[in-house]
Amino acid sequence: MNPYILATLLFGLGLGTTITFASSHWLLAWMGLEINTLAIIPLMAQHHHPRAVEATTKYFLTQATAAATLLFAGTTNAWLTGQWDIQQLHHPIPTIMITTALALKIGIAPLHSWLPEVLQGLDLTTGLILSTWQKLAPFILLIQIQPTSPNILMMLGLISVLVGGWGGLNQTQLRKILAYSSIAHLGWMLLVMQFSPSLSFLTLITYFIMTSSTFLVFKLNKSTSINALATSWAKAPMITTLAPLVLLSLGGLPPLTGFMPKWLILQELTKQSFALPATVAALAALLSLYFYLRLSYAMTLTSSANNLTGITPWRLPSSQLTLPLAISTIATVSLLPLTPAMTALLTL
């Protein structure tokens, strides 16, 4: 892609998210979400592969449906309350509609079916943007309206945690596994959003760091399936040694960084006398941990049966920049000791 066009599209992504962040009016928030969507669509379809075009079409139709629902809900709220302000959302009908639209935008279960299929059709770089940056703007809107819909958020959170765990068990494609991982992590964020929005946002940032490391590791190895991970030792032995720590951190295994937000969320749910949802979420986390263990096993304890004696593709040097991978991996592995500092920041 032409670098000027790429810079324009990336600027559009940043502009759309910033407009949504800064808006207190539903029309401006909708406009920011639309700019965001239109900026990523050329990035998704840039390879002109039929699978990429199919994924782009599915994404566009899904986002258009969610945006239309959001705009209709904002108009309904203005008709019922006389206010376009995002904070003035007190009627149950527009509240449910807006929550549903935002859930569809970021792929929260049971409105998640598009996410694994779309992510499977994208390259790993665009998939990383879709799994991280594209979730920021709708998530901030959810945080702003969360006091008015606690029961909906709790229900959506539990369904997402369960669907994200069960859905990833039988997958062999890495991008689909990461899609179900995204659904499960978003469920954890929704569970605690009504009690501690700052903790929910901390969980989102931690998820972004761990997911960035995972995508960059897979991109460095040029791996898109579990079987392709078996060649990791020949491609990058050091990264292959650290990758299980990244994957298990994403699964929330103590004493790694991903355990920290899950522990804080379970603690907060227990404090609020929601022991049953906390128990269900903790058990569902074991499902997610299983397929992360499966990836770790395939990457470190298996080897490819097709190692030829000549020059093989996995021995060629990668052109990927390693600095972002190094930074995200170090953050993923070493953030846990900073938990007291981060929890102190949450109380400011």
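Keep in mind that glycine also has a Cβ here, set from the backbone N, Cα and C atoms.
According to TrEMBL, the protein has these features:
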type     : residues : note
DOMAIN   : 23-285   : domain 'NADH:quinone oxidoreductase/Mrp antiporter transmembrane'
DOMAIN   : 289-342  : domain 'NADH dehydrogenase subunit 2 C-terminal'
TRANSMEM : 57-80    : transmembrane segment
TRANSMEM : 92-115   : transmembrane segment
TRANSMEM : 152-170  : transmembrane segment
TRANSMEM : 177-195  : transmembrane segment
TRANSMEM : 201-221  : transmembrane segment
TRANSMEM : 233-254  : transmembrane segment
TRANSMEM : 274-293  : transmembrane segment
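In summary, the transmembrane segment (177-195) lies against the transmembrane segment (92-115): three or more C-beta pairs, each 6 or more positions apart in sequence, are under 8 Å. On the 0 to 100 pLDDT scale, the model's mean across the domain 'NADH dehydrogenase subunit 2 C-terminal' (289-342) is 72.
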